[in-house]
Amino acid sequence: MFSNKVWVLESDNFIKGIIADGNNYISEENGRKLNGQVWERCEDVQADMVNLAIINDPQLLYNLSERYKNDQIFTYVGPTLIVINPFKSLDANLQEYVEYIIRKRHNYKSITPHTYAIAAYAFTKLTEKTQAIVISGESGAGKTENARYCLNLLTSVNSEESELSDKIMGCNPILEAFGNAKTIRNKNSSRFGKYTRLFVNQKQQIVGGDIVNYLLEKSRVVSHSKSDRNFHIFYLLFGNPKYQRQNFNYLGTDNYFSQKFFDELIQAFTTVNIDAEAVFQVVYSVLLIGELQFDDSNYGNTNPCSVKNEDLLKQICQLLDYDFNDIVKALTLKQAIYGKEKIMSPIKLLDCIRIRDSWAKEIYERLFNWIIEKLNETLITKQEKTTYIGLLDIYGFEVFDNFNGFEQMMINYSNERLHQLYIEYVFKEEKKIFVREGLEKFVDSIKFEDNTQLIDMFDKPPVCFFNLIDQACRLNQSDQQLLQSFRKELKFASSVKPTFTIKHTAKDVEYTCQEFVEKNQDEIPQLLLEAKCNSQMVQLQPKPKSIVVKIKNEMKSLMTELQSCGVHFIRCIKPNDELVPNKLDNKYAMKQIRYLGVLDSLKVRKESFPIRVDFWRFYLKYRFIQEGGFQDPLNKDYKALDQKMFQEQFSELPKDLYLFGNTQIFIQEAGMTQIDKIYTLLMKEKNDKARCIQSAFRRGQLREKFKKFMAMIKRVAKKIKRKLRKIQFRKKMKAATLIQKFYYMYQIRKKQKLYKKQIEYLKYAILSKIHQNKFKKKIECIRKIQKNFRISRIQKRIMQYLNIRRILNIVIDKSWDQVRFNAAIIIQKYYRGYYTRKHHKKEIQQIKEVGRRIRMEKRIKTIQRWARGYIVRVRLSKMHEAAYLIQGFFRMKHLSCVFQRMRQAAVIIQRRFRMILPRRRELKQQYDQYILPLEQQLQQQKLQEESDLFGLKMGQKTDYDSALILGMESLIQPKIYLFAFIIDLEIISDTSDSYNGTFASNYKDLFIQSFEKENPLQFIQVGENTTIGACCNKLYGWGLNDMSQLGFTQDGEKHNPTPLSFTGKMKSMSMGQNHCLLQQNDNRLFIWGCLQHKYIQHPKLLHENVEFIKAYRNRILFISEGKVYDQLKCIQMNVKITSLSCGSAFTILLSENGGLYGYGQNEKGQLGLGDNKTREQVERLPFNEKIIQVECGYKHVIALSSLKKVFIWGCNEHGQLGTGDFENINKPKLSQMSGDQVMAGMKCSCVLNKQLFWCGTNGTILMQCHFKPFIQKCNYLNRKEYQIVRVLSSYSNNISIIYCTYACLRGLFDNNLGKGFQVIKNLTTNWVQSGVWTIDPPYVESLSNYMCERHQMKSSKMNSNGSQNNNQKIMQKKQQLQQIQSLPYDKLCKIDLDLYF
């Protein structure tokens, strides 16, 4: 090796290490031993990685990461520029690169690497030939930004042509708006490829340009994933106030808008002279096309589907200038040509929708191409142009983990063609290096592999991918037939999956052959092409019908274009998937480097002479084995020194392993290994000799040091004695000085006291004199103030007196005037009255006479009214007396008749009662004879079931205890093991006709049997006469099989627990009255049993893809793609449903956003809508909480919110709502309980919150109207290492059971049960969120280390060696358990089982 420093790959990380001895390596950081793959390492960091002394994968990553830490995101690999997206703004001086490279013609690698340097260098090479810059990388790697850098530099060269530069830069916002969109990896991802050419004249001035686009992803117009958005223009459209935002089908729910982007777009339209209003009109029309709806109610052989919203279609045709009738025909009819005759025929609803979407995509593609044409018309000028520089921006190699389809295959084919060009270009550059070093004759030793064979497999006739796909389209073959053609003609391996794998240059990619034929057909319906249109902007034009032919031709022309140019490559890398700055994910970056072919360019160098060292560096490294190598050489000719070293020390090295260039030594890896070996041997010999010389030299040095040390001790002793005498003298002098100091201080203090007394006396006399003077001044001031105050007070009183007198005079004058005025008015009033009476005496007398008459008439009318009332009252009293007599007579007659009838009725009643008494006695005898024995038998059967299930007494040892103890051998590994246990059982009717023995005895046998087989029971469902239990991928059934309930031919027999012949991984199961539903892990749904008088004797596939299943009585319900199917009929809803539950003739649905919906009967308020009215249609429940689980009993509901709140409503006649009373509730009510999971039984409810609480009526509890803690009857399960994970219920007309899934924590959290309880709580929470009705719990990454692998949906199989070791340990534990199995239960409980496990 070139040094003792290495890289070691450990746990997918490259760790810095050093060579300890031989093949042992230790960490450079902490010295620990390292194991893993090893590479050479050096600390060198270069701007051009070709200059690295050592080139390998970790060294490449180290060089990039070190530069990235310092914000140096641009790095060369030979002629290729690698750019790592920093996700932040970094400034660079554009004019510096223009001046340094273009103006002064310096080497572009002698300045800091940047995209500007590549663009400037390409511009300087235009005098030789046309140039092209290829920018590639995955979405979010920064291709668009680097393309903008290139355009900025190239347009800034001829600054005098500012108008043309503005037009070129103005194209960017338009192309980004129409061709870019947000994806899951990038907020501004280019969904098309573009090749921009800038034309240059002889004066090296840009005089024009044009744009060519490739591979526009037009399917995004009509469909995209939830995390993605449509093209930016569809959202920027609403910046124009003319267009209002609506819930368009093509846009989804995203409300993106950028005012800055919109302003730039409008400015760009203005710059390039494009009518923005006309373009927005077409874009808006595309959105309206997505709103078109069709009606197929009258569809037939002669009647086509109709357009529901014709007004909207007329608006679209008006906006696009299409003929309305032609468009209606094109959307609802298809044209077939037979000879010379054209025949029109109707098409189905789905075909109408497909043509509608096809029309929208073609309109958008035509608009995009029209914009490109207009931009080219703007950029192309009439000036003379001699050459041009091209800029290719295209997305890179694309591989997804889950699905790779037709689009990925076309993208990867394009990248393979570009990679072929890249490898050829790198090989040419490698040849230039050899020529520069004077090694022209060794150029033939450079070997490289290209991908020509792979590209031929894609497009070389007669047998290739493209020809086979075209052939499938012409012959109307299916995707499966196309896949068989691939496997037959191209020799792909056969597989059950519809996939095939292509070995690309970067990576093997598995493609799924799905919709290849459909996606390759890019055909526009003939009627759409023939539709009359007066707008050139949206007029559809004929084009190739095959996508692969189009792509092949485009790539052929592009490769021809690039091969005629001098190509420069810019490879963009995305540092992390979180889009955060200052973070480089080495593994993620290495994958992109491999995809971009950078490693292949280095591979060309590795396969020739990979190690290239400067002469001076090589000499300084190995000079110590050369004679005189420890001194600096007088001759600085390092090449001659290295040649001399090779002749003297490395003479055994074959000359074909190294070459001497002009500035460097070229060495192959084998040669470097031999050099290091020789260097190590020679240095070892010299080190041994040096150690002998060093030991003798050190002994002599020690003797001389010892003699000097003894002489020094004697000198030191003399100096110490002299020092001690000086110290004693200084102490005495210091004491005398201290005594003198204290005496002087005493004298000074004595004088100071005398001086202080004299000063205080003088101070007192002066202060007293000052105070006397101040007092005199204050007295004088007080006298002056009092004198002035008295004068001002007298003046104030005089002024007050004068004001009062003035005011009184004014008041008296005004009062006298007012009195005179009032008196005059009174005199005038009396005079006017006297004057009027004197001149109008007659009129006054007449008025008085009229008044007297009016009063007289009123009195007369009052007297008449009283008189009439008296007369009427006298007559009315006489009529009342007569009526009383008549009524009395008739009442007497009526009562007499009633009495006679009652007497007759009493006789009849007595006669009938005497007839009923013997009948009642007979019924009592029949009840005692027939009904009472059945009730006693049912009660005895309930006692027998309870005895078989739990034992006769609490605390008594049961078979379950023994089974649990025997099941401990499966707990050899410290993992969480799960099993289901029935905690309560209610017998509703006689089950003797359904089961051999009792239900509980059959269950107990299966429980013990499953523990003995180390596969405990996990899931139980009861039907009318049958019960089915599920273990790990196994089904067991017991009971009556008169309707094929057990999944095989009905025989009318009662079966003991029997394995069912069903294969496959099971996800969930649900049992109805006489039928069973089963969901596999791949979401396929199977059914067997009797349904609607039809027998299904063996499991039959019912549906391909379901997310949830439920069987209740004679009903089948399931959810597929968020839609609910009830009795195989789809319920139309606007929301996506994730779960459901049903009771007696009602159903509750749970949506993905936590909302509840219900329909069905509602006599007890079980729908929770606030009334008791039945709902035929689905209606939403009034909830403000997000619900995560809902469960239905017979006629009640219990729900759990995301905040752990419990809500209850419905029937409460048995106390099942736990509210403390028995009143029904017709709307959701918040319970006092909170929990992690809820469950509804037939007439009871359960809440799980650390422990189990229940209420209602079932086998053990009766009319319990409060939630109370559950008490376990199996005493062994009361130990702390057994915890309840979930609680479930199942019931039919005969049986109702409640069972819990227990988790055994033994051996895993013995010292920290609190942590174990937290793990169980997290498991319950995750189980509820993902669906509590699955057989196994969901896979949770944070809990997977604690869980047994067979209890996880996502688990890996254990290797065979581990299984054998586990079986041996189990046998040893069985032998130990046989010793304690026969012990009494009381002693067994006192034994510490940790001694045995």
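Placement of Cβ uses the backbone N, Cα and C atoms for every residue, glycine included.
Because TrEMBL annotations are produced automatically, they should be read as predictions rather than curated entries.
Residues annotated as ATP binding site in TrEMBL: GLY137, GLU138, SER139, GLY140, ALA141, GLY142, LYS143, THR144. Same-chain residues at least 6 positions away in sequence with a Cβ under 8 Å from that of ALA141 (ATP binding site) are, in sequence order, VAL83, ASN85, GLY396, CYS572, ILE573, LYS574, GLN592.
The feature domain 'Myosin motor' is assigned by TrEMBL to 44-683.
For 555-577, the entry in TrEMBL reads region 'Actin-binding'. As a whole-number mean, the pLDDT of the region 'Actin-binding' (555-577) in this prediction is 87.
Summarising the annotation, TrEMBL assigns repeat 'RCC1' to 1033-1082 (among others).
Under the heading repeat 'RCC1', TrEMBL lists 1154-1203 (among others).
The repeat 'RCC1' feature in TrEMBL is assigned to 1204-1251 (among others).
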- Item | Additional residues around ATP, ordered along the sequence, whose Cβ is within 8 Å of the centroid of GLY137, GLU138, SER139, GLY140, ALA141, GLY142, LYS143, THR144 | ASN85, ASN186, SER189, SER190, TYR395, GLY396, CYS572, LYS574
- Message: With Cβ-Cβ distance below 8 Å and at least 6 positions apart along the chain, what are the contacts of GLY142 (ATP binding site)? List them in sequence order.
- Response: VAL83, ASN85, CYS572, LYS574
- Cβ atoms other than its own within 10 Å of the Cβ of SER139 (ATP binding site), all chains, total 18
- Item | Spatial neighbours of GLY140 (ATP binding site) that are distant in sequence (at least 6 apart) but have CB under 8 A | ASN85, ARG185, ASN186, SER189, LYS574, LEU579
- Query: Taking DSSP states H, G and I as helix and E and B as strand, how many residues of the region 'Actin-binding' (555-577) are helix, strand and coil?
  - Reply: 9 helix, 8 strand, 6 coil
